[in-house]
Structures are given as structure tokens and as C-alpha cells.
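TrEMBL has this to say about the protein:
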- A:6-32: transmembrane segment (TRANSMEM)
- A:52-74: transmembrane segment (TRANSMEM)
- A:103-122: transmembrane segment (TRANSMEM)
- A:134-157: transmembrane segment (TRANSMEM)
- A:192-212: transmembrane segment (TRANSMEM)
- A:219-244: transmembrane segment (TRANSMEM)
- A:264-288: transmembrane segment (TRANSMEM)
- A:300-324: transmembrane segment (TRANSMEM)
Amino acid sequence: MLFQPAIIALMLASGLAALLVLASVPFAWTVVRRWNLADGSEAQLRMERRTYLVATLLKIVMAAELAALVLFVFNADRMATLFTGAMCAVGTLKVDPWGFPTLYLKLAVFFLAGCWLVLDHVDNRGWDYPLIRVKYAALILLAPVLVGSAVVQGAYFMGLRADVITSCCSTLFSGGGVTVTSNSVASLPHGLALSLLAGSLAAVLASGAVVLRWRRCGWLHALLSVAAFVIGMSAIISTISVYVYEMPHHHCPFCILKREYGHIGYALYVPLFVGTVCGLGAGIAGWAGRRPSLSTMAPLVARSLAAWSVGGYALFGLVALWLIERSHLILFEVVP
Amino acid sequence: MPRPADIAVALFTVAACAVAATFVDAAIGVSDATPRLAERAALVERLGLTDLSLFTEARYTRHLSQADAHAPFQDHPFAIEHFPSGSLVTPPRHQGGH
Amino acid sequence: MIHLTGVKKAFNQGRANEFWALKGIDLHVAQGKVTVFRGPSGSGKTTLLTMVGCLARPTSGRVKLKERDISSLPERFLTDIRRSTFGFVFQNFNLLKGITAVENVMVPAYPLGGDHGALRHRAHELLDRLEMGPKAKSMAEWLSGGEAQRVAIARALINDPQVVIADEPTANLDSARSAQFLDIVAEMKRDGRTILMTSHDPLVAEAGVVDHVVTMRDGVVVEAR
Amino acid sequence: MPVWLNRQRALLDFALSSLGRRLGKTLGLAVVYTLIVAVLASVMLFSHAIRREAAQVLAGTPELLVQRLVAGRHDMIPAERLDAIRAVRGVKSAEGRLWGYLFDPAAAANYTLMVPADRVVEAGSAVVGSGVADVRGVAVGDLMSFRAHDGNLVQFRIKDVIDNDSALVSADLFLVSETDFRRLFGVPADRFTDIVVAVRNPREVRTVAEKIDAALPDTRIILRDEILRTYESVFDWREGILLVLLVGAILAFAIFAWDKASGLSAEEKREIGILKAVGWETSDVIRLKAMEGTVVSLGAFLAGYLLAYLHVFHWGAALFAPVLKGWAVMYPEFQLTPFVDELQVATLFFFTVFPYTLATVVPIWRAATVDPDQVMR
């Protein structure tokens, strides 16, 4: 265990978030079983009022998890000096087996909480709360993820001992790698990665345009958003980061967040994350539009989410393009 | 008359700018201090010093990294001991070389 | 425009002090008319007004507003309907202390997000019409009973509701002020608004502007004319 | 969008006037909150700055130090070990160092006696750090004398005082010639305090260290990396401990905030009831109260951080100096370089705003869900 302000803050945040959601589970279960709007009893009224609390808490949890995600990566990078051989966040995360699972779980929590908030937002537009059971069932499913994320993070931080020899990004991401996935991601050919990226961005923008124009196919947009997220991340690791570092064998998704590179990573990740979470939300809102009481409101929500999503992906694409354009590294010879 | 909300937003903006200004001030301070830091670093290198002279009250705290494995009054390598700076700084943990 | 069928309301349900304030009300409120509910205190007339005005939901029974069943709407949507359809004048006026009369008038419109300047203009206009223009910048707690009531009326009208609900409007006023209030009611009626009042006051029940009088006792309607 | 913006502006207006109506309570809360942020921020800024300072200043520390241990105690190392070390592959050079501590009863202070590698000090003269000069009140040309190991008096004429700018590393230095050092402590000519090793390829430091360790089993080896890392984690650890103690303060404050938020006065409850009755929705009230909270917490955070920044970097960290100084007779005068870290500011924000928000959310919700019809009852 390392006593560090950022670590204490992270443990505090995820512990409290898990506790809050866990504490809402019995209530969620009551809603799933007992919800009945036609009932004018005081118990039903109390239940309705309690939903405001849960929604507010979830908003706070979501905000905290978002902040925690940034803080976690930032801190992992900063702690690299404490571990022999660790040169950036990758090294710190490889110090014990819980590092990367923590990161993945944090990502999952962020996206799931985002989806839940969209669900809540849409449901609140329908006069009969048509999705309330779905929503609270989803909350019950969300709880173990949050608890898991807190526990895994705890295990990770507890297991940290300064000065453990770890692999760093240069050995992890270029040859002789430790993780298979990261390696195969890093060894993705640049041309393939960029064309996949261009293709998926085009697809996701097109499907977003369909949602915007005809207010349908939200599910397709959500699916393509997930694909674009995965491909976007792979492209960052395999190719875009290389352009940023201007070193052909340096593939690291974290170093681009560093000050040395002008924190440029945030300009890539923030739009990508916004695009993805809004794309998922657009899918959820589109699906909710099938309920009669939401048939007018949900497509509107889907539309504005799709607009945000399209904006996010477009910005991501532009930033990526600009990074490639300004780089001194040439990976492709232009034949005149 | 400006509305209170706008005044508040303006005030918060000013305060946020002041926070941003501390970063600028810090950057200026660091660049001002660079020659001084470099000079200190050069002295350290020339003399082969290993530690800061912040903790000079006990004979083993001036050179924290060079302390004995069993320095006097130190019951346990991690014990917080009698001298105030000893409560601030534990003896080095990595004495074995590797 | 408002139909109540078999409306019942219980407080402290399931506890030892359970109490049924309304025991089955059937009622029709006509549009553009002035209706007065009277009866001894505890007869359930105020509770009935809260049902009609979407302030609370009946424990059982149906409330229909213009053919729309609103009795099982969640609070969120009930509020939506309430703020666009109803304006309230409370017995104790219930002005917010520490802010001016005109700000009190504007408060109900804040969550609607309309243009602030236009809202302020409308609030001043309403106060002027109620002859409260000179007092617009006074703090609410400095106003006399009659003044406070007129501010409360202006507040009730700020979102241009179709229905104005007044609970014991003349309880804290002398006769001259009460007569003045009834003039304001007549004016609101001329504007096409529906007005619902509860009152003990015979002056109110017998006023010329009143179209219907509903008499209640122990949570049931005993007479409607 | 304009509707949304108008609504936020109107709610913010109302939140401010609501705070203004309870000025005493608001100010009390804000002042306590600001102070807590300021103390936390000072701890973080101070320890980070000193950590970075140490890292930068000590970057030129010897790559590799070899010390002899006898029964767990540091002992003088024989000169023939130099050859053994030089024989290890990858070693560029190895030099013996002579340094030690000297307790000066006149000043009740410990000096670090050292034979400098970078300059020649003539026998009988000395170069002293500014702390030594201050504590003994000596200047260039003055005489200082100490009793040697055999009781004889050894005299030094101060030849030079090291510039005050580098006091952070040199305040207690007392640089003497090799002859004087050996005479004073009785160190035989073939013994050194420890050995400084330079390595040809910096990447090989660890391998070289292992080889030396294998060749000379009675030694311990200290790497530059380790020194730097130790300083890093040492200040981290201390900062962490301080923060854990301060978490108590944060908790106390959270309870205080909870109490303030849940102990709504009758007047406040009446206000919320009126707002709900005239057409505010529960979420509007929650938003209003959240805005009130945000104004307080954001204001306190910004003010507290700014105060801490001024305190640590412009007012000389007056609160921490006593802790650091401890009983040290010689304390270097140094101006802390303002290293500020975004991560720290972010952490601080998290630390102070998150608990407050959480502590107030339940009371806010409870207040916001009063029956709208209660004002009629």
C-alpha cells in the first residue's frame, strides 16, 4: 500500500460510489416488485420520491467515476518513478495483476453509468415511467460492477510496493510483449489501422446522420459506436500514438496524456469517450421510443444524443488527422 | 443592473483565472529558479553529495540514504523515532543494493 | 373542466393515526365559473382543493382534467400540469421573506426558463394592474395583509393559469379588503379564468360573483348548488 | 439551449439570494471549508515542491556507492577494494570518498565533514557551508578548532563560505583536506568512507551493482535511483500520513456540512414548501440546493487553493517550517521552487468537493421531497 493523496482519493471515491449503489439495491428490488403507478398509497408516493435520490446519487457517482478515471490514469503515470523499470502508466499498471483489470472495470463503470443516466433521463420524459422496472433492474446489475471495480482497485493499490521490477511500455508494446492483446493491437499494420479507423468513423457518422435525419436506427448507431470505440483505441495505440511520439516503435496509449506531448491525448480521448457514450445513449433512447408514452420524447433525446455523438466522433477524427498531418514522422510514402 | 448570477459567474471565472495564473506564476518561478537549481545540482555532482541538508539534528539523518542498517535510537527500521525530522522521514528502505 | 369521481384521500396510511380526509367525492367544476367550497374546519375542503389543483394525488378515485386522467400521474408530470394550469393564493399568502414583492411574483416562472427581462416586465405589469406597482421593490415581510395578498395573486397569475385556487382568501382581511378581493375575483372571471375558493366567510359565499357553492362536512359533499 | 441557460441563470440567481438570506450560516460554512482546503492544499503543494526539488537537485548524485558493512554498521572500506571494483566489467571509474559527521559542542550542531573531490583544500584551511558559518558566526579568515580523535587540537582557517543559494544541500558542509580529515578522525591512509563508482553504460548500473555485490559480499550498494525513489516515496508517505490525519478533518467537516444541510431551519423548510406549491418540481429544488452547495464548495476550493499557493510559495510556508526544522540547529535558508502539479490540484478538488457533495445530497433530497400541499395544511 502506498500512501498517496491521489490513491486515497481514488479509494475514497470508488468505495463511496460502490457503497451508495449497493445501498440502493434493496430499494431497486422493491421498485421492480412493487411499482404501481395506479396505486395512490403513501408507500407508492414514497417510492416515487426515493427515485429522485437514486437518480441524483447516480449522477454524482457518474461524475466521480469520470473524474476518477482521469485521475487514475494520471496518477498511474505519475507513480511510474516509484517503480524500477516503469517509465509510464503501463509500467505502473503492470506492477501487479490487478492494474489493467482496474482500468477496464473503471471504463466499464463509466460507460454503464452513462447508459443508466440516459435510461433515467428518457424514462423521466414518459408520464407513466414506462422503463422504471428496466431501469432499476439495470441498477441491480450495475451494483456488482461498481463493487467489483472498487474491490479490484483496492487489491491493486494494496498490492503496490514501490520498487518492484516491472516491464515498461517499450518492452510491453514493442516486441517480446507480455500481454497478447496489447501486442497484437500494437502490431496492427498502420495502413490497416488507419483504414479501419476511417471506415468505422464514416460508418458511425453515417448512422448518426440517419438518426438525426430520420430518427431511427439508433441501435445501429450504438453498435457502430462500440465498434468505433474499439477501433479508435486500437488505432491510437498502433498508429496515432506513433505519429505523436515520432518514434516508430513507441506505442503507448498513456504517454500522449503527458505534459511532454502537450496533454494532446485528452483531445483524442475526450471526444472519443463522449462520442461513444452518447452513441450508446442514442441507441437506448431509440429503443425506448417504442414505448407509447415515449414515442414523441425519446426520438428527440435520441436525436440530440446522436448529435453529440456525431460531434464527438467528428472531432476525434479531425484531431487524429491533424496529429498525423503535423507529425514529422512519415509512415507512408506518397507516390507522386 | 447586472444580475447576481452573472456577477457570481464572473467572480468564479476570475477565481478560476487566478488558479490558472498560479500555474503561470509557478512556471515563471521554476524558470527563474532553474539556474539556482542547476547550480545546486552541479555542486551535488562535484562533491558527490547524496542528501539534502534539511535534517541535521541527528548524525544519521543528514544523510538519510547513507544511514546505518542499525542506527542508534532506531528500534526498528520503520519506527518513527525521537527526532522531529525522523517523524517526517523514514530511514531508506532499500539498503540492500537490489 | 375538472371531474372528480369517488375521490378518497388518506393520511398516515397504515399507521395508528390513519385518517381519511376525503371519503368519496364526486364533483364537476365548470370552466369560467367561480366555485366556493364551504364547511367547518376539518371538513376536507382544503384537501379537496389540493386534489383538484394537482398538489397531491388521491389515494383512490379518479381526477380528470379536460378529459385527461391525472389521478395516477407521477409528481413530475403533475407539477408540469399544475404550473401551467393552476395558480394558488394561500391562506397565509406564503410569500418568501427576504426578497422583494416583484421577485416573489417571478418565482413560479424560474424553472420554466423563459426570458428574464420579459418575465420581470410581466411581473411589474401584474403588480401595476393590482395597484401594487409602487410597492414592487418592497421586501415581502414589510407588506400589510392586503398588499401581501395582492402580491400572492400576482404570483398566482404569473404563468397565466386557467384556474386560480384560493384557500380562505378573506380569513386575514377586514371587510373593505375582502370586498376589494372579490372585485379582483370578478376581474379574473372576466378574463375567462376558473376560480375555486374555500371559505368560512358568508360574505364570500353570498357574493354576486360566485356561481356555485359546495358545502362539505366530514369529508363528503353535503350540498352543491 | 436558451431555455436551459435561462433556467440555470434564474436558479443561480435564486440560489444566491437564498444564500444571502442566510449570510451568517453561509459565511461560517464557507470560512471553515476554505480553511480546510487551504491546509490540505498547503500540505500537497509543499510536499510536491520539495519532492521535485530533491529530485532535481539530487539528479547528479553518484550513480553507485559501495559501502562496507561490519555487523550491520557502516565501516571504513579498505583501499584495495578499489582495484577489485575497477576490475568489474562495465565500471568506468571508482574513487574513494572521505566524509563523516562531526559534532561541534560549541554550536551543539552536527557538521558534515568532507574531503571535496572538485577542489583542493590546503591542509589547515576549510571551506564551510553557510549554515556552519551562521551558527558559529564565522567569516572568511576566522579560525575554528576541534579536538581530534587523540585529543589534540586541530585548527582550521576558513578559506571560503559556500554560496547561500545552495544551502539546501550544503548548509552543514565542512570541507577539509585529506590530511586533516585523516588526522582528525584517525583514519588510516588505506581506508575510505565509501567508494563512488561510475558506470560506462547507464543501463547497466543494476548489472554492475550485482557483480560488485557478488565480488564483495561484505558491502552494500546504494544506487542513485534508489536514493531518488526513496526521497520520492519518503515525502509521499509523509504527505499521505498527514492527509490520513487530515481525513479526520474532512470527515468532521462532512459531518458538519451534513448537519448544516439536514438541520434546515423552519424558515428554509417553509420556503421549499412554498416553492413546490407554486410549481417547482422536486428536481428543480434539488438543482437549486445543489447550486447553493456548488457556490459554497467551488468558492471555498478556489479561495482555499489560492490561499495555499500564496502561503507555500510567497509567504515562505510559515506553517510547515517549524515541523521541518525540528530540533535542527542548522536549518538551510531556501526559497521553495514553485513546482505545481495538475494532478495535485485535481486530487485536491476531488478530496474536498466530493465528500461535501455526498454529505449534503441526502439532506437536500429529503428537504426537496416535502409534500407540495403541506403549505395548505
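Cβ coordinates are placed from backbone N, Cα and C, and glycine is handled just like the others.
Highest Cβ pair count under 8 Å relative to the transmembrane segment (A:264-288), across stretches A:103-122, A:192-212, A:300-324: A:300-324.
Where the transmembrane segment (A:300-324) meets the stretches A:52-74, A:103-122, A:134-157, A:192-212, A:219-244, the count of C-beta pairs under 8 angstroms peaks at A:192-212. Using a Cβ-Cβ cut-off under 8 Å and counting only residues 6 or more beyond its ends in the same chain, the transmembrane segment (A:134-157) has close neighbours at 1-2, 7, 10-11, 14-15, 17-18, 21-22, 24-25, 28-29, 31-32, 35, 54, 58, 61, 72, 96, 98-99, 101-102, 105-106, 108-109, 112-113, 115-116, 119-120, 123.
If one looks beyond the transmembrane segment (A:6-32) by at least 6 residues along the same chain, the residues whose Cβ comes under 8 Å of a Cβ in the stretch are 47, 50-51, 54, 57-58, 60-61, 64-65, 67-68, 71-72, 74-75, 78, 106, 109, 132-133, 136-137, 139-140, 142-143, 146-147, 149-151, 153-154, 157.
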